[in-house]
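Some notes on the structure that comes next.
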Amino acid sequence: MGRKKASSHTAQERNAYQEIQQAQTSQQAAGSAPVIPPDAIFPSQVFDDPPGPHTEVAMPGGFAGHAGSSALPLSSIPGTEVAARKVPWVPPPNARKLSDAEFYTTDQWGNTLPNVEDLKIHFFKEGRLCEHHALWLIEHASTLLKRDANLVHLTGAVTICGDIHGQYYDLMKLFEVGGKIGETTFCFLGDYVDRGNFGIECLLYLYALKMWWPKKFILLRGNHECRHLTEYFTFKRECLHKYSSTVYEACIASFNCLPVSALVDRKFLCVHGGISPDLHTLKDIEDMDRFKEPGSHGLLCDLLWADPISCYGTEQGSVPRGTMFVPNSNRGCSYSYTYDAVCSFLDRNGLLSLVRGHEAQDAGYTMYRKSPSKKFPSLITIFSAPNYLDVYHNRAAVLKYENRNITIRQYNASPHPFWLPNFMNAFTWSLPFVGAKITEMLLAILSICSQEELVESEEEEGGEGKTEEEHAAEQLARRQAIKNKILAVGRMQRVFQLLREEAENQTELIPGDGGPTVGGPDVLNVQGSINRSIKTFDDARRSDLVNERLPSFETVQPAMMFPTPSMRVATRLGSDNVNMEMLIRKALAEDLALDDGGVVERLAERIARGRVARPAALKRHGTA
């Protein structure tokens, strides 16, 4: 229904409406149906786009009719507004896509470029692009990214930014504190997509900025800019939901074009993860082949995946003296480098510090132990996604380098629209709750049936002519069949309970050993139970450790019987190698219902013992 234009009713219209109300009152008192005069529709009630000939509109007294008939629209009633949004302070998503005239613009030299100002506002309102616009933008940005060297040299004032992870609204805040676009050089350390719900918006907007200022926007590659992780986490699903597989494939191709490192003022080496046993001099980076999917080992893998050892700077007693690298157990690939390894690398290459991202930081940054020769922090970690995953409660930061001075600018999270995980709709999300209630109702009905309803006489069964052994065997078989049916209902109830618990705890985090305990299944909310359990940054970090590992999964995944509401893919393994699909299959295969103390088993046995024959139809007078 269209939005109603402002209008005032005449005295004649108000009198007509009062006459209709009085006529309905008298007719209802007399028991007859009301009759609405055909000329009772107010002539001054005008709609921008009136309802079609088959659109039902409400009438006074609770009746409905068709537009164009003699029905009186509910919106005609004085003081009634049916076209207004129920929550007017929340703006609706922008459903209109940009036209060619709005999307394209030209610079002072006549080059065709994307209109970054319109893009910024359009994405802020949750707008989407036409597919050919998105593909054009990705293709032209990829061409520019290919021209960047493996090691990009930067001079002058530079703002170094950490992980973004699809937090578009926080990216807008980053530009507010990081410097003026077009004048400031920005060096992003990677991880633009995955885990957040606006990864494609972040990527397209940064690509548009890259097209306008190729030398002032340096976009390095992170470990999430690859096919393996984007299929495992959320970016692929996001692309398929908002655009198509063609756009996703174009993004994957563009990831292979991203440079892997930057050198700021010949003093600061910027990478996403860290250094490698295969990295001796900067020439090793310049000579490597970056235009490929990262593997699970090698120099490219280490630049994207490596971390500082947990006891960085205080390794004495934790690792043998002189140790440079140890296997990275948290990531499941690459290495953890020690303080000695970083200091040795910096001295060997005449560098001042190593700047990297890759790890969430409570304050948005961490400066590690100073090097003995330069008396400057040997390692700096920057993280630019505030309140990561909406549960970390962390601040974000950027590093501003200017005139040989370093300034850390911190900022907090910005409000953003909420999406259910996997971009599902509310109806799909609610299915486990409905299923759980239905199975509970079935078990409740079975548990209150009277003996009269459960038992038929042997005469009705027609058991004459059978021996006692045959009759006993038939009764035993029938009893087992009834028991199996009741157990099947119980197993289905367990399945829906599992799905319901998962739906109630919509989150990217998996509580593990030592982590917080998630709230019970009686809390019908989206994130409340997990948020009540995770109170601090350390709580979230412990819960998220399993998501930090290099995933091992099959690219082609079998279809699930029930859709999982988790943001993680259906076949994702947890720390105990048990996932949602495996739990569902186990619940369906179990002979006994799980975690119910044998209630369903005992109920099935009791009902089966009572049913010595085929069950009779329920009698209305006999139910409780």
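Including glycine, each Cβ sits where the backbone N, Cα and C put it.
In TrEMBL, annotation is done automatically, which means it is predicted and not curated.
Within the listed segments 1-38, 495-532, TrEMBL records region 'Disordered' for the stretch 1-38. The predicted model assigns the domain 'Serine/threonine specific protein phosphatases' (220-225) a mean pLDDT of 97.
Taken through DSSP, the domain 'Serine/threonine specific protein phosphatases' (220-225) splits into 0 helix, 0 strand, 6 coil.
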